[in-house]
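Listed features, source TrEMBL:
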type    : residues                                               : note
BINDING : Ala31, Asn32, Val33, Gly34, Ser35, Gly36, Lys37, Thr38 : ATP binding site
DOMAIN  : 10-303                                                 : domain 'UvrD-like helicase ATP-binding'
DOMAIN  : 296-576                                                : domain 'UvrD-like helicase C-terminal'
Amino acid sequence: MKTDFRDMWRQLNHYQQEAVLDENPACVVNANVGSGKTTVLIAKVLWLHMEKQIPFEDMAVLTFTNKAADEIIARLKKSCEGEIAPEQVHGFGTFHSVALRLLKDRLSVETAGWTKEFTVMDPDEETDLALELITSRGLKVKYKNRLKKRLEQEYGAYESGKAESRYKDDLFALYPLLLKEKKRQNKMAFSDLLRVSTELLSPGGGSADAEAENGVWRPAWVIVDEVQDSDALQMEFLAALLGQTGKGEEHKEHEEHRGKLFAVGDPNQVIYSWRGTGDNMFFLLKHRFGARELTLPVNYRSGASILEAANRFLQFGTGIQGDRENRGTITVKNHYDPFQEAEYLAERIRGMHESGTAYRDIAVFYRLQRQSELLAKVFERHGIPYELSVKETLKDIPVLDWLVKVLRFSVNSMDEQTGIAVLADPLYGEKCTKKKAGQIVREDRRETSELYRRMKEFPCGVFSGKEEEFPSAQALFDWFGLREALHPTSAEYRRDAQTALAFLEEVCAYCGQILEEGPGKRYMDCMREFINSSALYGMKIDAGEKNAADKNAVDGGETGEAPDSVKLMTLHASKGLEFDTVFIIGVNPGLIPLRCTGFEQEEEERRLFFVGMTRAKNELELSWYTNPGEPGVAGEYSRYLKMIPEHLISGETGTGGSSEKGYGLQQMRRQIQENRKKKEQPEEKKVRVRHRKYGEGVLVSDDGTTVEAEFPGYGKKQFLKAFGEVEIK
Ligand SMILES: Nc1ncnc2c1ncn2[C@@H]1O[C@H](COP(=O)(O)OP(=O)(O)OP(=O)(O)O)[C@@H](O)[C@H]1O
């Protein structure tokens, strides 16, 4: 059943309605956390579409993550009659994905020096290419270990015509060489996607004729989510989409521009400044586009206690107003170490579930991805269904890293750098020296390398006959001679071959879907699209993402709800989400906050904690360890816990049991002392053991025949002593 837009409209408060109805040439909504930014953004798109008859095709809706764009499209599909075809939402996506689509389908990328067949480079690949150029051209560039950052940071100065780089070296000579090389190899780095599309979209960037010829796309509305996270390049892209010329010029001189800008964001949630965002984005945007500023002050998500605590971490604005009657609870807990904490969480979550809370309403946040490993093991052992948000890239799996390069070179044989990397890989394929690989690729020596010939001639020879029918995964596997290339005598062969085949099946399924959605596309275009999008977003690799206990998770099925599992994620990944109950673990100095090198970084850590806290609707539980077991992490509570007024921290959490007490500062101090004592006593007596699979553990008993030991994440295990599986230290 479709959601009636009028119902949605009635639920909006007057601040939200004003934002939806605003038709100024530019408007930025500087909104509080949880005040309905996403709700307003979706209502705005629907209002424009339904009330103002602006087709989706005439809107650019730019988000910070692909997931956010997918969610917006899913919400529109629920609200609109009829199907929404992919071409209709061509302009919906992340800045980079929309730029890529424009370059592929709507802009004459040839005028900038690339062909339509260009591929997207992996972020590290550009640095490797730059390093190769430095060596081959004998350039003197300082701080090569920071080259990636230097290339990003100093580009602005180079482009503005500054004569010398910051360290007075050859960095500025490197930029044009690098650009030339990328054009020669027909590939673009992420930043090129934005830069080149900005250039081609700008009325001043291409000739008026070219613009007319190519029908440059000028959306009637440019709508931006999480605008606080944009950087300078993204701002230029916005200006170009809006048809504004000349950097730094003010809107008044260019009133002829067609597009209107509507952006929502929250400066208190800037958590990516290391990527080039500044917390002054609102001011910059407002000035640049002459934007009207609106606010959304009311938070609808969290209970009053949680908001009052969150207000202590607010850096901009006068405070968050709440709307909920329920105050919510904040609990602070101390655990001896991460293992005990994981055991506690598993039991606690099981208890909550038994009392009627769905697993999907619970989330556990941590500062560093590696903290999830222990949690995952313990949850698995306890049969708690969980979903781990990991941003694994294909690069993390050597055989896929190599195979993607094989495909990348096959769809863009101008990409010498990748061709050489395939042939000179130390694990797979020909394993030639770099020098020999360079000769084969540069001199097109097909007779010397069968793999090179197959990549170069791809896709000719793969098709069984009908051009429109895609080859199977097995046909691709055979065409590239992967049986030999993956080295059947290697210990990893079986696993590698299975992984490669499963990956090729994904490729075939993706290409098949693109063809179905857009008949008329060629096989190579589909494959290139797959390669480019996997470079841009990484690929979701299933292995290890869902646990065996997921069999307990009830699939959302027809309701479209996510499967019923607890979400485990970093604080960064929690942005934009909300849960009934949130656990933030490891609130110890050195983790939350991480060790900071400066004031700005400290401010950002604080904002990150703020983002985490404000995901909770009803219950927020913060915990810290006496014995974190990590170098650089102090066994004491973080100053962030001290910033929360004691009266907001609740006592009994209601689930009973002596360990369920909430903690005021006094109690915390007492608990530290008790935990320290605990640590001092049994630790001295502990006999450490080691097992090949379970790692380090503690001896529980040894009767001469059987050994019992306890391993973090696995619990107690018994072994026959005669087998010598356990090493007693
Ligand atoms: N007018 C309203 N009345 C009642 N609930 C609302 C209203 N507007 C938004 N909400 C609810 O408030 C919660 C937060 O909304 P939303 O996620 O849109 O906020 P946000 O500003 O995007 O959050 P964040 O700052 O975390 O990104 C959601 O559960 C949403 O359904």
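Just so you know, the numbers here start at 1 and follow the chain as drawn.
Each Cβ is built from the backbone N, Cα and C atoms, and glycine gets one as well.
Just so you know, TrEMBL annotations are computer predictions that nobody has curated.
By the criterion of other Cβ atoms within 10 Å of the residue's own Cβ, the least surrounded of the binding-site residues Ala31, Gly36, Lys37, Thr38 is Thr38. Here Gly34 (ATP binding site) comes close to Asn299, Tyr300, Arg301, Ser302, Ile320, Glu578, Thr614: these same-chain residues lie at least six apart in sequence, with C-beta atoms under 8 angstroms from its C-beta. For ligand 1, the nearby binding-site residues are Gly36, Lys37; that is, of Asn32, Gly36, Lys37, these have a C-beta under 6 Å from one of its atoms.
Every protein chain shown contributes to the tally, and the Cβ of Asn32 (ATP binding site) ends up with 26 other Cβ atoms within 10 Å.
When other Cβ atoms within 10 Å of the Cβ of Val33 (ATP binding site) are tallied across all protein chains shown, the result is 22.
The Cβ of Ser35 (ATP binding site) lies under 8 Å from the Cβ of Tyr15, Leu296, Pro297, Val298, Asn299, Tyr300, Ile320, each of which sits 6+ residues away along the same chain. Within 8 A of the CB centroid of the ATP site residues Ala31, Asn32, Val33, Gly34, Ser35, Gly36, Lys37, Thr38, the other residues of that chain are Thr39, Val264, Asp266, Leu296, Asn299, Tyr300.
Computed over the domain 'UvrD-like helicase ATP-binding' (10-303), the whole-number mean pLDDT of the model equals 87.
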